[in-house]
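As structure tokens, the structure follows; a few thoughts come after it.
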């Protein structure tokens, strides 16, 4: 039995697309996951990555279409009806109109929007705002953005939980018994999932409307993919798992804050944003810089450069390249931190947390005019 799938259930040409490849005998004295199946690495791993990208795309659309968008549309439309009821002087959306009452507009609208009367019940408040009204455009925009961020929360929560579980059972010494091969099945699957995530993110980044931080995000994804693949190939999977856990932690709370903002929970958004900002500083700067220092000094003091198992080489050039990529990643994060502190400053001024990095350029032009 394969660690995740039974390969005998599939035709031979499909097996690399649905199972972990390169099964090997487990080490004699494994220092982690002693009951796991173990695997080597190779080019057939790309087949499973392709499958994982496809599954990720399907799950993303399913979550967006059947769960996230319907919920956000229901919530925002209900709030709109309540605002219309209050403007009409009704205590509930089902109250009947008062004589000669002039229907108001959405609290955030710049123009009055007529509210349709339900003739059968002679109710004042419409089921939804008129199709091309400013309120309808804002609701559509918020629904789309809410669903996009909701998928990120689902994915990063799942990946962080899996990564934390793996890191908990790995030895604390990141460099002991290097190279860390073969890999336990769960570690290999975790790595391939992370590669799939960032490849999928690059595809989405180029498929969707470009935003203000497009090139920063592209550089971040390319560097991250290079680091994950490099650590996978050269056997630095323990430090790789630690870095991915640190990165995924913050990526849970930032989209949560944006989701709250799209639902107009501004206070909860600001609180979540502050928590995320503190988490960002600790994980992306303090702890990540400690990992960079360990990657530099730990390798040079605990390991020897030369040829290891499977003909792979740990040379000074390879080591330098990996450390430089980590430093580049920290520089990109420092640029984002500059933007984050700008948002924090606006929060302290009472202006509320706004996503200054990415929303505006992905926003419908008419929605911006309606504000």
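Glycine too: its Cβ is placed from the backbone N, Cα and C atoms.
What TrEMBL annotates here:
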TRANSMEM  41-59  transmembrane segment
REGION    86-108  region 'Disordered'
COMPBIAS  87-103  compositional bias 'Polar residues'
DOMAIN    144-349  domain 'TLC'
TRANSMEM  153-170  transmembrane segment
TRANSMEM  190-207  transmembrane segment
TRANSMEM  219-236  transmembrane segment
TRANSMEM  273-298  transmembrane segment
TRANSMEM  318-341  transmembrane segment
REGION    352-371  region 'Disordered'
Feature contact check the transmembrane segment (273-298) with the transmembrane segment (219-236), CB under 8 Å, 3 or more pairs: no
Interface-richest range of 41-59, 153-170, 190-207, 318-341 toward the transmembrane segment (273-298), CB pairs under 8 Å: 318-341
Same-chain residues at least 6 beyond the ends of the transmembrane segment (41-59) whose Cβ lies under 8 Å from its Cβ atoms: 16-22, 155, 181, 183, 188, 192-193, 195-197, 199-200, 203, 232-233
